[in-house]
Amino acid sequence: MAVPTSVGAAVEAASARYPLAKGFRPSYGTAGFRALAELLDSTMFRCGIMMAARAIKASAITGICITASHNPAPDNGVKLVEPSGEMLCQEWETYANDLANAQTDSDLIAQVASLLAREGIAAPGGGIVMIAHDTRPSGPHLAEAAAAGVRCLGVEPQMCGLLTTPQLHWMVMSRNRGQPWAEADYCAALAGAYQQLVAGTQPLGQTLYMDCANGVGAPKMAALAQQLAGAGLAVDLRNTGEGVLNGGCGSDFLQKDRQLPANYADVPAGARCCAVDGDSDRLMYFTPLADTPGKALLFDGDRIACLSAMLLRDLISALPPGAGDVSVGIIQTAYANGAASAYIRDNLGCAVEVTPTGVKYLHEAAHHYDCGVYFEANGHGTVLFVKDFLARLEQLAGESRAAADLLALSVVINQAVGDALSGILLVEAALRRRAWGLDQWAALYTDLPSRQLKVTVADRTVITTTDAETRCASPAGLQAAIDAAVAPVPRGRAFVRPSGTEDVVRVYAEADSQEAADALAGAVAKLVHAQAGGVGPAP
Ligand code: G16
């Protein structure tokens, strides 16, 4: 397979500046590539080539976001945006891996030729790839590497600078739909729809204390909040960049440690607080606990899913008969708390589907419903509306406030990907419409105590899973041992899976008491360490 001479020459000329680090074997994981930033020049360059090919193939705009999200500041990574604004389609992940792992310039050119031939792409060709980055110091340099890759295929890189990951997804989606797509349009669209959703209701009356994880969410929420000035939503931004990105703060820290983030010592118990992660695509609500200083009560993705489903149910039940039947489904992963899944099934009467971890899987499943609500327990998620349902709502919006509100909801909540900033508006609107405080939200159900641990092993790929990651297929015997550990534990459940964003195996356990959940997680972690090649001392 021959690559067009100009493309081959461009790849060869540019790739010398972005060599593959010795011994580095990048692997497209749960949400793209992640590694120490200094390893990633070649990966970004090659992702640039690929997303240019994707843009030519679709005759549309694609996107690249340079971010390692919740991971530590020295890491970086890349999330790739389809023309629809969604995450890269799974069929192209193989190309991403093949390109990223080409060992020499000639291998790389051969991989590019193979991709172009298999997809019937005529390069060089026109198009645009929008490139953004988070606040990591390595972001601008890696964005340049991606841009150099884009140019090799004759496609124009558009440097968008600092954006949240979901903002870039939203901009690509809107631009390809021919709608206003600038950052200011994002703020205006979300703020306008929020105002529609809360019209006629009383403000919640307390400040929302937002932990920005020292990341890009801080300036972006500040810009959005300006548009919300008249809407009765007062936000006090904390961890806005003065400290370490995701260091002792942010949604992942809260979820794993259940401790108050840095700079919350003055926030009163019971106050409404939320936290996002480094690229603002995860959202966690929380409040300082009165009886255990320094600890937080969490309102995680499961609870946000319940609140979203309740808002949908309220609005759908108020639609006029012409709206027809509306299917609502809730998509979760194995990390969903057993109490949340039971509440959704038994009290909300919604279908519950479970997929493997990774928004790409949940997002796909959510498309099966008129309204698909998906949230991972870690706070990643959104609510998707199918086109046909939106068209029905458009017809009814003139005569039905519920239809107009559902349309507004579909604008408030990012239709491209999970978005913490738009999630905040969803939660605030849902609470405000019910005149609810955190107490009522907490009272929906009581979480089963749970614990998550990490185990380091020599090669995490020795662990494979089935049944949406709830069962371990290899190494042989590990699942039987986990079953034996779970069996005597009242309301016990546990699973293990290799992370797709960190070099660890994750362990999850829940039980009827915190002590039992902790003990079960510890016992399962020991099994993983012993049977899957644990590194260092046993947990
Ligand atoms: C990414 C994915 C999420 C996933 C998380 C953890 O989040 O987008 O869907 O839940 O990684 O994945 P794993 O357990 O495989 O490490 P983020 O916020 O890091 O982009």
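Here the Cβ of each residue, glycine as well, is placed from N, Cα and C on the backbone.
TrEMBL has this to say about the protein:
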DOMAIN    52-90  domain 'Alpha-D-phosphohexomutase alpha/beta/alpha'
ACT_SITE  S69  active site, phosphoserine intermediate
BINDING   S69, D277, D279, D281  Mg(2+) binding site
DOMAIN    104-175  domain 'Alpha-D-phosphohexomutase alpha/beta/alpha'
BINDING   E376, A377, N378, R497, P498, S499, G500, T501, R506  substrate binding site
DOMAIN    479-526  domain 'Alpha-D-phosphohexomutase C-terminal'
Secondary-structure category, per DSSP, in which P498 (substrate binding site) falls: strand
Tally of DSSP helical, extended and coil residues in the domain 'Alpha-D-phosphohexomutase C-terminal' (479-526): 21 helix, 12 strand, 15 coil
Candidates near ligand 1 among the recorded positions S69, E376, N378, P498, G500, judged by a Cβ under 6 angstroms: S69, E376, N378, G500
Residue among recorded positions S69, N378, P498, G500, R506 with Cα closest to the Cα of D281 (Mg(2+) binding site): S69
Among S69, N378, the one of these recorded positions whose Cβ has the fewest neighbouring Cβ atoms within 10 Å: N378
For the domain 'Alpha-D-phosphohexomutase alpha/beta/alpha' (52-90), residues assigned helix / strand / coil by DSSP: 8 helix, 13 strand, 18 coil
Arithmetic mean of per-residue pLDDT over the domain 'Alpha-D-phosphohexomutase alpha/beta/alpha' (104-175): 97
Candidate with the highest Cβ count within 10 Å, taken from the binding-site residues P498, G500: P498
Residues satisfying Cβ distance under 8 Å from E376 (substrate binding site), sequence separation of at least 6: G301, Q332, T333, Y335, T357, V359, L362
Maximal Cα-Cα distance (Å) across residues annotated as binding substrate, namely E376, A377, N378, R497, P498, S499, G500, T501, R506: 17
Rounded inter-Cα distance in Å - D277 (Mg(2+) binding site), N378 (substrate binding site): 10
Candidates D279, N378, G500 (binding-site residues) with Cα within 10 Å of the residue listed as 'active site, phosphoserine intermediate': D279
Cα distance (Å, whole number) from D279 (Mg(2+) binding site) to P498 (substrate binding site): 22
DSSP three-state assignment (helix, strand or coil) for D277 (Mg(2+) binding site): coil
Structural state of N378 (substrate binding site), classified by DSSP into three states: coil
Set of same-chain residues at least 6 away whose C-beta sits under 8 angstroms from R506 (substrate binding site): Q452, L453, K454, V496, R497, P498, S499
